[in-house]
Every structure is written in C-alpha cells, then in structure tokens.
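Database features, via TrEMBL:
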DOMAIN    201-334  domain 'GGDEF'
Amino acid sequence: MQDEGLNEANEILRKAVPLMQRLNIAPTPYNYGVCYEYSSNRTPKLNKLMDATIRTLGGVPDYLTKELFHQFVIDDSQFNNEHQNKIEALIEASQKNSKEMQGSLDSLDGVLKKSKRVLERADRQKHIEKVLNYLEKGTEKAIESTVKFNENLNVVRYEIDALKSDLEALKNNIELDPLTQHYNQKGLERYMYTWKKGAEDDLSLLLIDIDKLQSINKKHGRRAGTSLIRYVGKLIKDFNVDNSVLARIDGGTYALLINELELAKASELANSIRKKISLQKIRYKDTKKEMTQLTVSVGVATLIGDESVSSLLARARVYLENAKHRGRNRTSSN
Ligand SMILES: Nc1nc2c(ncn2[C@@H]2O[C@H](COP(=O)(O)OP(=O)(O)OP(=O)(O)O)[C@@H](O)[C@H]2O)c(=O)[nH]1
C-alpha cells in the first residue's frame with residue numbers, strides 16, 4: 001500500500017470491503033491487504049491474477065492471499081522478528097474483530113428469520129408493528145457492528161502502511177551504496193531478478209569501469225579518485241535512461257541495467273556514455289590545471305533466452321575485460 005490521501009484511501013476502502021463481503025473473504029490483514037491493493041487498481045499483475053482466480057474458483061482462498069500479500073504488498077524476505085510480531089498482533093486483533101462481526105451477522109440473520117416466521121402468522125397491525133420494531137433494533141445493532149468493523153479495518157490499514165514504510169526504508173538502506181547513493185550490487189540484483197521475469201532478449205546490462213583508477217589514485221590522491229567515481233555516476237545518471245537503474249557494484253565500476261532495450265541500442269548508448277565521459281575537461285581544484293583524460297571501458301550484455309542473472313553479469317564482466325584488453329576507452333559486447 002502506498003500513501004494516499006484519506007479520501008482516496010476511504011474510496012478504495014469502500015470498494016475493498018464489499019468485495020470481501022461478496023466473495024466471503026475473512027478480514028484478516030493478509031486478505032485485507034490484498035483486497036485493498038486490488039481495489040486500488042494500481043498493481044495490474046495482482047489484479048490479473050485475482051481476476052483469473054475469482055473466475056475459476058469464485059473467490060480467493062486464504063493460502064493464495066497470503067502468497068499474493070507477500071508478493072505484491074509486503075516482501076516476506078524483508079521481515080524481521082519485530083515486524084513479524086507486529087503482523088501477528090494485527091492478525092489476532094483482526095481475528096477477534098472478524099469473530100465479533102460474524103457473531104453480529106449471525107444474530108442479524110436470527111432476527112430476520114424470526115421476523116419472517118412471525119410475519120407469516122401476523123394477522124393484525126399490532127403484530128406487524130412489533131416485527132418492524134424488532135427488525136429496527138436488530139439492524140441498528142448490525143449497523144453499529146459494521147461501523148466498528150470498518151473502523152478496525154482502518155486501523156489495520158494504517159498499521160500495515162506504517163509497517164510497509166518501515167520495510168521500504170530498511171530495504172533501501174541495505175540496497176544503497178553509501179558513497180554515491182546509487183544502488184549497490186544487492187539492489188542491482190533485485191532489479192535483475194524482477195525484470196528478468198518479463199524480459200524477451202531485451203534486458204541489457206552495461207558494466208562501466210573507470211580506466212586506470214589505481215594510477216589516478218596514486219597520481220592525484222585517493223580523495224580525487226573518489227570524487228571522480230561520484231562524478232562518473234552523476235554523468236551516467238544525467239543520461240536519464242528510461243526503465244533503468246544505476247548501481248555502483250565495486251570501486252570504480254558502475255552497472256546500468258536497462259529494461260526493454262536490445263543489444264544494438266544498448267551498445268549505442270554505451271558508446272554515447274563512454275564518449276561523453278572522455279570529453280570531460282577535469283581540472284585540479286587548486287591549480288586549475290587540466291587532469292589527464294578520464295575514460296571508461298564498457299562491457300555490454302543482453303539477456304539471452306532463459307539465461308540466469310549471474311550468467312548475464314558474468315558475460316558483461318568478460319566483455320568489460322575484453323574492452324580493457326583491447327586498449328581501454330572502448331565498448332565491447334563480445
Ligand atoms: N579513490 C577510490 N579508489 C577506490 C575506491 N574503491 C576502490 N578503489 C581503488 O580503485 C582501484 C581499482 O583498480 P583496478 O580495478 O585494479 O584497476 P584500474 O587501476 O582501475 O585499471 P583498469 O580497470 O584495468 O583500467 C583500486 O586501486 C582500488 O583500491 C574508492 O572508493 N575510492
């Protein structure tokens with residue numbers, strides 16, 4: 001769940017709750033989280049899966065909502081004990097809430113059945129008035145329970161939102177490179193695994209490595225080398241490549257992963273990046289004298305068939321090595 005305004009959230013809620021009632025889905029946090037996400041219509045993959053399940057099974061079984069919850073609402077692998085405890089407390093509270101709601105629906109059902117029986121035998125207006133009063137009291141009680149039930153669901157929703165933002169922050173911290181604030185290798189790999197699922201020979205990886213960083217460090221000092229690492233990251237980022245993520249995976253090595261870009265276009269892009277970097281005129285801070293030319297070598301690989309993520313990364317590394325062996329400041333895709 002993302003942060004919506006209260007109105008929008010209530011709008012979604014007005015769709016989610018009847019959906020759960022119509023499909024007889026118990027209001028556990030898992031079920032609720034999934035139905036809320038479904039009703040918000042912002043995760044097409046989830047909606048497609050849910051629609052197909054509802055078509056075939058007439059509902060969504062609990063074991064499946066649990067799966068969907070972890071896949072589309074909160075990623076299971078990010079849980080720690082504290083999160084688990086919070087979720088368990090939420091489940092317990094919701095179960096209690098759901099039992100109370102069930103009890104209240106049962107008693108409304110009893111009221112309706114009894115009213116029907118009395119009405120069948122009623123032969124005077126007095127009888128009918130009595131039945132109406134009885135019905136009024138029964139429905140009022142049910143409405144009270146429904147309001148309480150919805151309020152409790154709202155609490156669950158906000159708890160889930162809070163948990164979700166906690167987990168997002170946690171995830172970002174472990175996936176970011178502290179030096180550049182771009183992704184690190186872990187972040188890159190998560191995207192590689194995610195995008196690989198829908199890729200059709202058009203998931204491309206550029207490994208961009210600063211040439212001779214060791215001698216730059218030696219000649220100009222490590223601090224200057226580090227500034228150059230950051231600068232190269234900024235230059236790559238400034239290309240604003242669509243559907244891409246940038247990660248620093250090692251000292252002076254960046255990975256640019258691009259979804260839906262074929263090899264020829266990826267190689268063109270690699271060459272543009274390489275040229276742009278080689279054209280930079282970098283001057284010493286103190287003397288303002290120009291530094292030796294900054295260059296990068298690039299390995300470009302595009303996913304082939306059902307190739308694994310590690311094989312794609314390994315191929316890009318081999319091509320990067322080839323670019324280095326051919327004299328650096330080059331792009332290689334074989
Ligand atoms: N300044 C700086 N240097 C780093 C950082 N991380 C790694 N390095 C250094 O970057 C250098 C990378 O050297 P290598 O990968 O061996 O190769 P290179 O000197 O860049 O030469 P080629 O890649 O073959 O062109 C090493 O000396 C590392 O110590 C960093 O954060 N800042």
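Glycine residues also receive a Cβ, built from the backbone N, Cα and C atoms like all the rest.
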Average pLDDT across the domain 'GGDEF' (201-334), rounded to a whole number: 94
Secondary structure content, the domain 'GGDEF' (201-334) (per DSSP, counts of residues): 57 helix, 31 strand, 46 coil
